[in-house]
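Following: one structure in structure tokens, then a few remarks.
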Amino acid sequence: MRVALRVAYEGTKFFGFERQKQGRTVQDELETALLKTYGRPIPVVSAGRTDSGVHAVGQVVHCDVDPNIPVENIPYALNTRLPPDVRVWEAHAVPPTFHARKDAVRKRYVYRFDTRPIRLPFLRAFSAHVPGKLDVERMTEAAHYLVGTHDFRAFRNLGSSARTTIRTLFRAEVFARGFDVFFLVEGDGFLYHMVRILAGTLLEVGRNRRSPEDVARLLASGRREEAGPTAPPEGLWLFHVFYPPHLLPDPPAVQLFDFPEDIR
């Protein structure tokens, strides 16, 4: 029986999602819990890898399990065997051909900036500290240029092996809530480090170090060296992965402590 699992994790103590030769990964923890639950090795396939330090609210994985545990009980069965920084919060039976990565039609990421003058210790793992006021209006204007189908060569890691750098973004929005500034981006796919480079570029706009129109010029030039820096991983959250409704229903709204409601 093939199932899709929605998984949340705190990325701080992980070397990313995908199994590595060395270092703790989310994939290792999930597959260890599945082994303990079903008594045999069960590999998982994710909607996409996340880097070391990056968090997820709604990562999706698929795997093939035995039908001895009702689908609605799978999250509880796995969570009793998972460490506290990983949780399975939904399980759905899906068609045997369902593929967590290939069938995904949209992904939503959120990047969080903390502008407090002094960083609060308990926020250090969940946001990028950028003390000082950011011009959210300018950042919003810059983000508007990102929506649509574009060549995002300027916003990819130079080591990216993607066959094409064309991507479509459906949303690119900036929200402010107190000292926190959130950048939400939703698209059909993302290049390696693309969201973090977009966040780093918008940060420079918010600090008045470049104009909003620079984003349009970067899309036209495709020159990575002209874009902003790669923002640190701790501010990035993989929020949701979306699929055709007949394969997997949309995730329910998730309200995270102080995230704006528009992000859910």
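In case you wondered, yes, glycine gets a Cβ from its N, Cα and C as well.
Note that this is a predicted model, so its numbers are computed, not measured.
Feature annotations, courtesy of TrEMBL:
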- Asp51: active site, nucleophile (ACT_SITE)
- Tyr109: substrate binding site (BINDING)
- 8-100: domain 'Pseudouridine synthase I TruA alpha/beta' (DOMAIN)
- 142-244: domain 'Pseudouridine synthase I TruA alpha/beta' (DOMAIN)
For the domain 'Pseudouridine synthase I TruA alpha/beta' (8-100), the mean pLDDT of the predicted model
97
So, by DSSP, how many helix, strand and coil residues make up the domain 'Pseudouridine synthase I TruA alpha/beta' (142-244)?
34 helix, 31 strand, 38 coil
